[in-house]
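Going by TrEMBL, these are the annotated features:
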- 111-129: transmembrane segment (TRANSMEM)
- 121-334: domain 'Ion transport' (DOMAIN)
- 141-165: transmembrane segment (TRANSMEM)
- 177-196: transmembrane segment (TRANSMEM)
- 239-258: transmembrane segment (TRANSMEM)
- 270-288: transmembrane segment (TRANSMEM)
- 300-328: transmembrane segment (TRANSMEM)
- 446-689: domain 'Ion transport' (DOMAIN)
- 478-500: transmembrane segment (TRANSMEM)
- 520-544: transmembrane segment (TRANSMEM)
- 564-588: transmembrane segment (TRANSMEM)
- 632-653: transmembrane segment (TRANSMEM)
- 665-686: transmembrane segment (TRANSMEM)
Amino acid sequence: MTDYSRFEDDIIVNSYHAQSPNRNGDVPLSINDSTIPNEDGENIDLRNHFDGRLDVIFSDGDRRIDVNQFWEMNYHEASIFLEEGENNEKFDSHPHEPEALPAYLLVHNDWYYGMDLATSLVLIVLAFAEDPATPPFKMPIALHSIIELFALAVIGLGLALKLRWMGWLTILKHKRTMLKCITLTIMIVEAFVVLIRQTSHFRVSRALRPIFLVDTHYLGGVRRFIRQILQSLPPIFDMLLLIFFFVTVYSVLGYYLFKSTTDVHNHFDTLFNSFVNMFVLLTTANFPDIMMPAYSKSKWYSLFFISYLCIVLYLLMNLMLAVVYETFTSIERDKFRKLLLHKRQACKNAFKLLLTKENPNQMEFAQFEGVMRYYAPKKGNRDLLVMFRYLNTSGTGSLTIEEFYGIYDAVMMTWQPQALDTPWYFTASPTVQRICQTANSIISWPYFDHIFYVLTTLNGIAMIERGMQSYPSLQTSVLAFSAGWDTCFFLACFTLEVALKTLGMGLERYFSSGWNLYDFVVTFGGLIAVISLRLFPDFVYVVVFRPLKLLRLFKLKKRYRDIIGTMAILSPLIKSAGCVMLVMYYFFAIIGMELFAGYDMRNCCNGTNIETYYKYTPDKSGYYYLNTFPNLAVSLVTLFELTVVNNWFVVMNGYATKVHAASRAYFVLFYLFTMVVLTIVVASVLEAFRFRIQYKKQTTKRDEEKLLHEEIELKWEDVMNYVKDFQALQKYRSDMFVGVGKISFLGSRPRNRQVLQRRMYRHEIEQWMQEAAAIDKRL
């Protein structure tokens, strides 16, 4: 890679300004003066001096400056701006001086991204080996302390490099980075203390380790989801305050109504217990047990509990979901707007660095090619020409700033030549061509798919029939179900379908369809299942592949297609939500281990109303004594049980009895955190489904094809207008235009939420861009 230095809007070398021309001899617009002094003190006009040469070198004392670097500087910096726009990074973290760039490049590369992710995961997994450790993974204190310090050192190196180009003032303003610095400092000190003392201590700070993981490059979606959670908290807090008001009112009323109940299961003997049990009732985990003692005294008391659940559970909790849904919808729209305008600003910043004095308002192809070399290095020469042609809607041969705003869309698309309209097998031997042509004709038959829908239905009927039969052993049943003659017959049919489609369509076109990919995986898995069960009859896990084939039938009904389509659109969000849940589990698991790791819950609650749950005897047990926090693995299982809610109060009251009444705060907070996250997840699913249905109503199949595909025509005259370099022209002619004067290209966009949002918000986008342009004019 060419050495790079950043020079703001002007390139400054000691006391003068200089930049190299591009391939056409043009001088960058950012130069303040078209003349520079040579080593003899004479002024040289750059535009007349270079005459298209790229290897001119100026001498400044002992320092020699290759002016060919300077355009590379601008290309590289412009690509950084585009990357910051794509990743939604603030521009104040942009490198501001030449010496800072090496640190920036070290942090922003795939090797460091992978190392940062790996060390963050090591810190997370290290909790399995630290006291209290999961037995198979237990390590000596010295070993896991050294590993921890090494991982923290790698993360610290990244922060030190960030400090090199961001500076303390920027880091102090950057809350996430500042929190990361503070957490890193605390953990380094604690790790040294553990290593020196050779014993662990109350290390609740380990719960903050996920901060490092969330801050990695690959978890940008998780950071955005956490940001949406934080933005949704105000209305959630408002609704929780209202809910807790009613819980308190009913707790006070219940205390005075039912305190006199002498039953051993009295839940209202104190105001505190009354509040705790009414809060648990909000989750319905203790219903109807909490009602029955009072109900036995008077049937009218049931109205107290019924009215409570109707108001708090069915009305207020659902209202909270509605409020969160509305908030989430507006946040999603606002997030899309901000990201769009952020990308627009990134394009503006990059565009300024790609102009020349000869053409101060438009970008030439040479500059476009230069910046793409850094921003999209995997794009070939043909792709660059096609992208430039796609962006250059005016046909002038140069890009205006309005045209350059579409750069992210152009880079996102994949372009395929359509001019020759030949099948994938046209270069194969005649025999292969005949076979593939026959396969193409078969799969093009209108009833081809219908035949395999019928076969899939018959496969389902055969599975039901197999499931209803009796077999002498489990192994015999498994073999009959997943490796019997009927299974082999249907697998042969489905394998034939896959073979015909791959031969007729080609691998690239076949696997471009999600349904085809699913069919291939399930069919291939079914073949593996038959072979595995014949060799290893106890390997029963593979039986799942046969029933999975039935999912294909859901494709026939539009409602199921909408649901599956929504799931596909939601997959990034679901992955982010899943990561957030895991982070929350890890956080509470570490705290739970620190608080409750040393307690044995067997027979902990004798004489209480949960005694039977924790009863431990050789012949009969309540098994709830297993819900403990002895290590990370068991703690995570316990937390999942609490998430399901069923009888979660039994675990809470068990620790309140064994440890301290204040222990309830831990379990209540975990429930509230889980409820908030799950409520936002549900709201996001509802919003995505509503978005999908709205999109389907407003968009026809033809409109969707236009949205997902763009067709352009590239002529040889266009290429000659763009490319001024003779050698490059000859290369394009030989690679692309042999025997033809023009080629049609089809660009395909991925079917993701961002693309669909551009369609749904197209009118708003026009308004946002006009407002931004008006602001630019005023500035």
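Placement of Cβ uses the backbone N, Cα and C atoms for every residue, glycine included.
TrEMBL annotations: computationally assigned, not manually curated.
At the 8 Å Cβ threshold, with sequence separation of at least 6, the transmembrane segment (520-544) comes into contact with the transmembrane segment (478-500) through 3 or more pairs. With a cut-off of 8 Å on Cβ pairs spaced 6 or more residues apart, the transmembrane segment (300-328) and the transmembrane segment (177-196) reach fewer than 3 such pairs and are scored as not touching. If you look at the transmembrane segment (177-196), the same-chain residues 6 or more away from its ends with a CB under 8 A from one of its CBs are 141-142, 145-146, 148-149, 152, 155-156, 159, 162, 166, 171, 203, 205-206, 208-209, 211-212, 215.
It is 632-653 that, among the stretches 141-165, 239-258, 270-288, 478-500, 632-653, forms the most Cβ pairs under 8 Å with the transmembrane segment (564-588). Counting Cβ pairs under 8 Å that are 6 or more residues apart, the transmembrane segment (632-653) and the transmembrane segment (478-500) reach fewer than 3 and are not in contact. If you look at the transmembrane segment (270-288), the same-chain residues 6 or more away from its ends with a CB under 8 A from one of its CBs are 243, 247-248, 250-252, 254-255, 295, 305, 308-309, 312-313, 317, 645-649, 652, 661, 664, 668, 671. Note on the transmembrane segment (239-258): residues 266-268, 270-271, 274-275, 277-279, 282, 293-294, 301, 304, 308, 311-312, 316-317, 319-320, 323, 672 of its chain, located 6 or more positions outside it, place their CB under 8 angstroms from a CB of the stretch.
When pLDDT is averaged over the domain 'Ion transport' (121-334), the result is 86.
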